[in-house]
Each structure stands twice: as C-alpha cells, then as structure tokens.
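Annotated features in TrEMBL:
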type	residues	note
DOMAIN	A:20-389	domain 'Luciferase-like'
BINDING	A:ASP59, A:THR100, A:HIS150, A:TYR154, A:SER224, A:SER225	FMN binding site
2 protein chains.
Amino acid sequence: MTNLNREMKLGAFFMIPGHHVAAWRHPKAEAQSVMNFDFIKRLAQTAERGKFDMIFLADGYSIKGKDPKALGQTVNTFFEPFTLLSALSSVTKHIGLAGTVSTTFNEPFNVARRFASLDHLSGGRAAWNVVTSNTESEARNFNLEKHLLHSKRYERAEEFVDIVTKLWDSWEDDALIIDKESAQFADASKIHAIDHKGKWFSVEGPLNISRSVQGHPVVIQAGSSEAGKELAARTAEVIFTAWQTLEEAQAFYADVKGRMAKYGRSPEELKIMPGVFPVIGRTEEEAEQNKRLLEEIIPEEAGVQLLSAMISVDLSGYPVDGPLPNLPDLEQVNGGKSRFQLLKDLAERENLTIRGLYQRIAGARGHREINGTPEQIADQMQEWFENGAADGFNIMPPYLPGGLEDFVDLVIPILQERGLFRTEYTGNTLRENLGLKRPANTLIHHAKETI
Amino acid sequence: MTNLNREMKLGAFFMIPGHHVAAWRHPKAEAQSVMNFDFIKRLAQTAERGKFDMIFLADGYSIKGKDPKALGQTVNTFFEPFTLLSALSSVTKHIGLAGTVSTTFNEPFNVARRFASLDHLSGGRAAWNVVTSNTESEARNFNLEKHLLHSKRYERAEEFVDIVTKLWDSWEDDALIIDKESAQFADASKIHAIDHKGKWFSVEGPLNISRSVQGHPVVIQAGSSEAGKELAARTAEVIFTAWQTLEEAQAFYADVKGRMAKYGRSPEELKIMPGVFPVIGRTEEEAEQNKRLLEEIIPEEAGVQLLSAMISVDLSGYPVDGPLPNLPDLEQVNGGKSRFQLLKDLAERENLTIRGLYQRIAGARGHREINGTPEQIADQMQEWFENGAADGFNIMPPYLPGGLEDFVDLVIPILQERGLFRTEYTGNTLRENLGLKRPANTLIHHAKETI
C-alpha cells in the first residue's frame, strides 16, 4: 500500500489565537496578541521552519451571531486575508500564502488582480481558496437582505473562477520586453482582452498586471456538495475538506478524482487535503488532559452559538444538557450543505446532547480530531495518506502558538523520519512544492486578435 | 509671513519606475525591476530614511489606452495597492502607507475592513486616498458599458465614505477585554451595528475587526471640482492637488479651508499637499540637461496617448507638430474635470503644439514641475509653504530610484537645515506625524442600543 516517492502536502491553517472556539482562554494561548502582527509573523516563521507547504487563512464578512453574551465570549476580530498574507510575504521566503476570498461579495477583476499582485510580491507563493458566502448576516453587509440561493451562488462562483483564470492569462509570459533602446516596454500583441460577457459578469480585460510567477496562483476549493465536487474536479488544484472516518474520506477521494477525466485532467493535478485538528500530548494521558481542558474552557453561550451557526438553527432556547431538537430536512438548509449533514450524522451516531455536540465540534468544527502522542498522530495521518484518503492535510492547531510549535517540533520530525514529508523546500514556488504543473496560458490559442 | 513651529508634510508618491511617462527609458531607471518587490522595498526604505510622512500609491482598474504601439511603449503593469502597502508594512517602521482605492468599483464593507486591517498591521500608518473612477475602459471591467456620470460618482462616493467611517467606529476603542478568567473576550455593549440604509448601499455592520490604531486611517482626497472641494472640506484630512502657480494654489487653499467651518472643522484638520515633480541637478545646467533628456526619451505614440487620455479626446489623428484641435466644452467632459481645465489653460497660455504639450506634462501630468538645484527646489517649496499655498507636498520623482535618492540626499537636508522639515519621526502613527487628531468615535453617542 505504501506510496514510495510521494510526500504529504501540509497546510498550516491559521485561526488566531487557535481553532478551538475557546482557544483564547487556553492558559498557553497568546490571547492578547490577536491583532499583533509580530505574533502572527512569529507563527508564520514557525510554520516555515516546519516546512509546511502553505499558511491557510479562512475568511468571513460579518461577526458571528448577535447574542450579546456569546458575542462577548468569542473572537470576532480578524485580519483581512489579502493584507495579512501580503504583510507575511515580505517576512517569509518559502511558505505558500493561501487566502480565502468569496465569489459572492467581490468582483472578479479585483480578485484576479490582488492574487496576481500577491503572487508577484511573494515570488510565486499565492493561492486562492474559492468560497461562496452563505450567511444572512454577511448578505446584510452587502446591500442584500437574503443570501443567494445555494445553486445561484455556485453558478456565480463558476463564472467568477473562469473570469479570474482568463484574466491571469491576459498577459502572455513573455509579453514584457523592457528594451530602453527600441522603446519597447511590452509586446502589445501578447496582451489580450478577454471580452467576457456572461450571466453574472461582463469583464473586458486585460488585467493591469503582468502574468504572475506561478502563471495562475494555486486554486483551492472546499465545497463538498455535488455542485462543489463538480466545480473542484474541473477547476481546483487543492481541496480542503472535512471527514471523520477513513471510509468517508476514501469515498470522497475516489469520487472527486474520478470526475476529473471528463475535464481532461489527471488525478495528480488535484491534491486532496482533509483538515486535522491535532490535540498532542507527550503521553496519551497528557493528550487526554489537553482534550478535557479544551472542553472545559468553552463558555456555554459561545458553545451553543457555535453549534447554532453551524447548523443554521437557533439552539439558544433549548436545555443545553438535553437532546438536540428535530432538525430541518437537508433540502431546507441554504447554507453549507455538507457541514450540516456531517453534524446531523454525528449527533445521531453518538446520541449527543447539545453540550456534548458543541464540545465535540468546538475545535475541529466538523474536521477530523486526532488526539494522542506525536507517534499516534503521525500514524493516523500516515494511514489516511497511504490508503487513498488524502494527499496531505490542513493542520488546525487548537491554540497558538503552542499547538503549532508542538506539531512542528514533535510530529513533523516523525513524518520526516518516515520519509512522508520534506526536510527542505525543493520548489521555488508553492506550485512546485505542491507538485502541480505551471498552467499553460489558455488565451494564447483562443485570442483571435490582440486588443 | 514665516510660520514658525510648523513643518512641511511630505508624501513620496511612488509610480514605478517613475512619474515621467518615459521614466522606464531613463538610463538610470531600474526598469527591469517594475515587478520586483525587493526594488520597491528599497525605495520605501529610502523614503523612510528621508523621514517622509508617507508613501503614496495611485491606482486604476484598466490598462491605459489600446493603441498597440502606445500600449507597447508604456508601463501597464502595477502592484495592487492593498497588497503592496501591506507587504511594505512589515519592512518599514515609521512611514505612512497611503493607498488609492476607488469608491466606484468596490464595496464599503470590504474597503473599511482592508484599511482597518492595514492600520492594525502597520501599527497605525494606513491612509486611504478616496477617488472616483471615470474611464470607460475601467467601467468595462466591472459589468458596465459606460462610467457613472460625474455627479452620480460623487454622490456614491459621499455615501461610501460615510459608511466606511461608521464601520471604523463600529467597535469602541475599549471593546476588547480579553480576560480569560471571566470568559470575557469583548464587551458586546461596545460593538455597534451601523444599520446604514442609503441610496447606494445597505450595510448593517459591525465590522469584523476591532477599531484600528489610528481610530480612522487618514482620509485623503484629490478632487478639485466643486463637488470634490465640498466633500474634502467635510471629510478629508489630506488633499493631494495639482497647481501650476502660487496664485492658483493660494486661491484653492483659501477656498477649501474656508469651507470647513460650516462642518465644525478647523483649518488645521486638513493638510493641503500639492504635487511636485522635481527635476534636480547639482547645477542649473545639469538640471536643464536632465529635463531635456526626459523630453527626448518620450516615444511619440506614448506621448500622444498620454495627452489624449488626460483630456478625453483622441489626438492620434492630428499632426504631432501642429496645434491642438478645438477642444470640447468643459460641460461635455465627464472625466477629471479639473485636470481637463488645467491642460486647456496651459495649452492656450503657452501656445503649445501637441508635442509641446505632451512634453510639458509627460512628467508632472498637470502637477507643478520644479527644475533646478537642490537649493532652488527648496526655495520654491518654501515659498508656497510660507505663503498660504500648501501645508506640504507630494513628491513625484521623475524616475526611480535616482529621482527619489537625489531628493532625499540633496533637497531634504536643506529643508531640515531651514527648520522646515523633521529630522526624526516624532509621532507613533501617521496621524501623529501629520499633526492630525485621533478622531473620536462618532457612533458612541448615536447608537441607541447594541447589536
């Protein structure tokens, strides 16, 4: 079963000061530093010391929930991804910089341009995690009362990604000449309008920035719904996904990779990286203690709000030590469809109370939680990696900086010793480190004439 | 007339590799480095060594013109401001970071959030140059065939600025508590929705980032039309403006500062900083040679295109050594109104041919050009500064890095010797260095209830 000559890809998923909903209360979390760039710079440099492929940032366009008590108990202040990743680009050298940017509340020209700019700034380390936005609180910050229906959001997202890709190709790689003597800065015949006219957008192009170091910044997707899987099979280069069991992860892996051939793509052109929330102890007992500590520091209102937000049902009126109320059918939920299904299944499988369920998901939020010694964590990652469930993992440290430092100092050396992970960066770009090809320029053969 | 105890404010207006339309052809320009971050980092550090108040970036959302020959002769590849300024924030310590962002093709929630993020990242050095976008080539990159009419653009801009300001105030300064023991991360009663419902936008708020170091990033404006002056008098803290003569600059200065009282503002709350394009020589002869060199390296098509774009009239069919054709009336021009009037006046005053006019404006683009020795340049800046025409200047180096290095090494020491410019940064934030007050939170007294 072992895949020789193949190494895991690893993302360092930064949520400041940690992924657990109560991370900021952890005794070792640097909670005062949430808005301190020097703290995040130190985290980035720790991740780079660990040879992670990339730093990954999630994103959202509103604060979470409005119950004043829960609002006061949770972290609702975050750096915006383009600004934070750009600031990190000049204090790191090798690590990739992956930012989540929604197709729902942005314009493709702006997004294409900013990622191209970040890719130039960082010498080829930019990646875009494409998402759609699904909460009403976000919609109300963007002139809308209701969010777009799930299918419309995906339709808009598909068109958005196509436009961005074309804009990245609107300058050929060798368009810049920069010859002072002949007064030729650029070869205008290699700069192309895209003339896109679609259902959602009209974008003429070209971009006002030359083709970037990677050609295209790496495209990441997360959606696991039918529409999300199809879009990913066609356009994604990395998938961040959430699975609890080996069997589910294997089924997803085979499903998505199997959809690629019809788009002329080979399975290696897409890296599937499930999330992993590691609770590390030097002994099993210590790991268990760490897990219990995390459960105990969750403020009740914050736990209920987290769960309510994740399933799109307000649970604040129900007894916290009672069972979950009947949940709506999947068809009625216009949110993160796959996340909802995951939690519904989990609650039913483990017969959890509201408190039990929020404790269960307060860290990993539906992703896989692995508790144990560094060897046990490495074992479980290896099992998925070698059995067709994952090409790598997106690591979600419970609290920071300790959760990341422990992973870098204790788990990564074991993966390296087993030949499962790099000991040095070998590529010059994120794309090269991930083992992804530099994309050909799709506009060269299609453009009938230059602008 | 001398204003003792008052120092000039200086911006370093970065256009890579220089402000002159043919800057990239200058023998000393590092034209190969236009997309090289290390080059721009070095420029930023030079500006910081010179104790400039801020680095200033212009912006646009399309390439300039489509005549293939002119397109090939000009620089049309630029870093996007949010990403570049953020990357510079982590390799500089004191200098302000001012980015142009249009209200025409963005959403207020996104803009408020990114500037707040940059302000946190940089420890209080962010500034927003508010502009409206006025070209059809830009409109066609954002789903529109025609740009918004001038008056509509300003109407949208006014509402946009109001929303952004309110969002910056949506967290009170002391909203963050971060007390692990009591489980209070924030005081929810100090986080406010803004509930904006206007003609152009509906934005509920609050922002998902806490109030930033400066309270509000510094607000800069450039418009010199009637609507622009009124908006600036009400909301701007810095004005970048373009004037050729002392008299014009004095009239503008008195006009705008005179409009402030009705908005409850004192004249010191707004710094007026005209653009200056300095062509420096160690002797007058050297300065004259430098000026002629810049004129001679302008490719003809690029010169005609620059001029055409600035006056919104296609001049490519006219003899380049002939006179300007009759220009349309001001009322017909839905572009940068004040820029158009400025060039029309200049051509008539100096009886210039098309070539003469593009040579005349190819560097400063309507801003004031000063040629001479370091002493002569300092003299002219001092004259405006001490005679009610300027609180400071936005310096536009003809080519880079030489044009900036000469200003820092030759002109700034003279200004410092005369007591006209700082020798060290004394403020902790851009706002403090500019002598601007930290704004009170406007939402505290208005908010009836918390979210």
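The backbone N, Cα and C atoms fix where each Cβ goes, and this holds for glycine too.
Just so you know, TrEMBL annotations never went through curation; they're auto-generated.
Overlay of TrEMBL annotations on the structure.
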{"residue": "A:ASP59", "record": "FMN binding site", "Cβ within 10 Å": "17"}
{"residue": "A:THR100", "record": "FMN binding site", "Cβ within 10 Å": "18"}
{"residue": "A:HIS150", "record": "FMN binding site", "Cβ within 10 Å": "19"}
{"residue": "A:TYR154", "record": "FMN binding site", "Cβ within 10 Å": "20"}
{"residue": "A:SER224", "record": "FMN binding site", "Cβ within 10 Å": "22"}
{"residue": "A:SER225", "record": "FMN binding site", "Cβ within 10 Å": "16"}
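Residues A:ASP59, A:THR100, A:HIS150, A:TYR154, A:SER224, A:SER225, recorded as binding FMN, reach a greatest CA to CA spacing of 19 Å. On the 0 to 100 pLDDT scale, the domain 'Luciferase-like' (A:20-389) averages 92 in this prediction.
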